[in-house]
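Accompanying notes for the structure given below.
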């Protein structure tokens, strides 16, 4: 699908910015403006996080039993049975926390702790009951109580780790926010766009109005508070508006190709994902080249993943420098949002530079 976007009066609430390297900060982040994001604490639906949680509990289990076991044989017997209980209990606990993350985020912290600990005790007890049924051995009340207490302690340690993990990410979030603010308004883009609109006012007023509408939407999104996540459709709309403006400036020198999969549009992405990529593609692939260049944007849903590809032609052999600031920022925010489930790949090739992002749907 190739072509320019149509103007709409009710544009999506895209959160993005006119991004670029080398600009000065437009405003400093307010002190204390990054509140503790309770929902992100309980967003445990990531393979990497689940793996670390399971390994952490198993390590604690092994160390605890090593202190109490008489010999290696007893320790191995305890660990083998304890692994069944802990593995089933931890996975069930994480599944419940993931399912309840929105409700937990609205509760006060003491109620969050209360429910998390209760679920920990219940999940451990259920795991022990399953082991007892499988082995055919009766379970005493004392042993069941001990297992429930161990589950409660494990849940407390997991929740403490999740909260500390979220707090540790806040400096990285603040840094990403600062880079975002530094990249929001590129003065020469603003001046060039206004000059283009002024030149069009007399010869094509309707087109000039469209340029100013696109510019106002870009700055409305740039000056608004960014949401934690936006849809890929919203990012595509913002990128279209940016490219509409650049198309008028560069004319036939800018050749844009869109290949969009409707099934990928609902994917959750961080704000400022697509627009900075297409801006870098124009800056480094079209502006330096007298013959102009091509910018290709693709989205594709494939199974449980969404692929986003931005490719531009380059006059010289493709180089990463010049793209670095925006790409490092995007890579870090994708890691914070999707952990190891997201992939960010750069492919400098002969005459082309490709950015490929793969996210969970």
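Just so it is clear, glycine is given a Cβ too, placed from its N, Cα and C backbone atoms.
As written in TrEMBL, here are the features:
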- 1-13: compositional bias 'Basic and acidic residues' (COMPBIAS)
- 23-33: compositional bias 'Polar residues' (COMPBIAS)
- 177-254: domain 'Signal transduction histidine kinase internal region' (DOMAIN)
- 1-34: region 'Disordered' (REGION)
- 49-69: transmembrane segment (TRANSMEM)
- 75-99: transmembrane segment (TRANSMEM)
- 111-130: transmembrane segment (TRANSMEM)
- 142-162: transmembrane segment (TRANSMEM)
* Can you name the far-off residues of the same chain, 6+ from the ends of the transmembrane segment (49-69), with a Cβ under 8 Å from a Cβ of it? -> 75, 78-79, 82-83, 86-87, 90-91, 94, 154, 157-158, 161, 339
* For the domain 'Signal transduction histidine kinase internal region' (177-254), the mean pLDDT of the predicted model -> 77
